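Per TrEMBL, the features are:
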- ASP246: active site (ACT_SITE)
- ASP259: active site (ACT_SITE)
- LYS261: active site (ACT_SITE)
- 154-306: domain 'PD-(D/E)XK endonuclease-like' (DOMAIN)
Amino acid sequence: MFILKRVGCVGIIMIPQFTSLFVGNFSACHCLSSTKRHSPYSSVDIERYSALVKAVMSSKVSSQTPENLQEEDEHIYGPVVKAQKPSSGSEVRVPKNLHPFLNCEETVETEEAESGPPARILLNRGKYRSLVPSVTRILQQTLSREQIFYLERWKRKMIAQLGDEGFNEYSQNLFRQGKLFHSTVEDTLISDATSMDKESSEKAEYQPDVQGYMESISHVLADVSAVRATESTVQHAKLNYLGIVDCVARYRGVLCLIDWKTSEKPKPFLSNTFDNPIQVAAYAGALNSDGNYKYQVENGLIVVAYKDGSPAHAHQLSSELMLKYWATWLLRLENFTEQSTSQASSSFVEKR
């Protein structure tokens with residue numbers, strides 16, 4: 001049970017009946033009448049900063065939320081493609097057929113065998129060519145959805161800027177410049193391999209369309225020696241695919257399969273080269289299996305040249321990296337085979 005009791009000027013409070021309260025020296029009025037603490041903000045000119053306070057607190061300029069930040073970003077850069085989260089029970093996919101990267105039966109030749117002109121095996125463009133898919137075709141038909149999205153967005157952007165005819169002309173010019181660049185590099189490497197005076201080739205004049213590219217890779221060519229093959233066809237004996245390698249030579253003393261690339265944008269990191277490492281590993285695996293080549297290649301090199309003559313980026317692929325990308329290539333090859341089998345089955349059903 002409680003009783004009501006008035007204490008000073010505070011008012012009426014409830015006190016349990018069994019509780020005794022001593023209030024002789026208690027004075028709430030004394031506490032309330034104590035000297036007021038001085039606020040450090042009392043001297044601030046409120047009117048001077050009122051506009052700033054209103055601007056900050058106004059709902060018109062309220063803080064952006066993650067939702068409207070994403071809306072603004074999508075308006076400027078386009079929608080974000082989000083990768084699907086792997087399920088907790090999912091495992092890393094491995095190739096069904098872990099075909100070896102190297103041909104263990106093939107013996108590696110000595111350095112003395114590297115003398116002589118580079119090999120150049122032409123592609124057989126006969127009636128059986130369509131039965132053996134190329135590395136480029138396999139990679140193009142097994143792109144991920146994310147890769148396809150970005151390629152299509154880039155294409156739409158270029159068409160919006162150049163128009164359909166302008167984009168077609170732009171694509172043809174890129175193809176023509178790339179072809180001319182590769183043939184110029186090949187001529188330079190062959191002349192270096194057959195000429196004793198390398199300084200004369202370094203002073204060679206190139207066509208205007210490739211002058212910048214050749215200047216860009218000049219420091220890389222200085223470290224290239226013992227050229228074994230240029231623009232030469234390789235075909236895997238068991239996995240049934242083919243490709244044309246740009247070059248096989250020693251780069252800083254290490255035998256590499258070299259891939260020459262051109263780019264309008266800098267690619268300082270290996271990750272900037274997209275599927276190029278997979279392509280190099282696929283070519284090397286085919287060469288190691290091809291009986292026309294009496295040696296094995298374990299390392300790779302991707303050289304990205306720039307038209308403005310700025311130094312090319314040379315991305316080295318160690319034997320460990322080559323094995324990693326070889327496994328990725330085997331997965332892409334399996335996907336391509338499954339797609340081809342599915343399409344063949346669908347065509348057969350439609351004909352029936």
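Positions of Cβ are set from backbone N, Cα and C atoms, glycine also.
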Restricting to the domain 'PD-(D/E)XK endonuclease-like' (154-306), report the mean pLDDT as a whole number. 92
Rounded inter-Cα distance in Å - ASP246 (active site), LYS261 (active site): 10
Counting every protein chain present, what is the number of Cβ atoms, excluding its own, within 10 Å of the Cβ of LYS261 (active site)? 19
For ASP246 (active site), what is the tally of other C-beta atoms lying within 10 angstroms of its C-beta? 23
Give me the count of other Cβ atoms within 10 A of the Cβ belonging to ASP259 (active site). 21
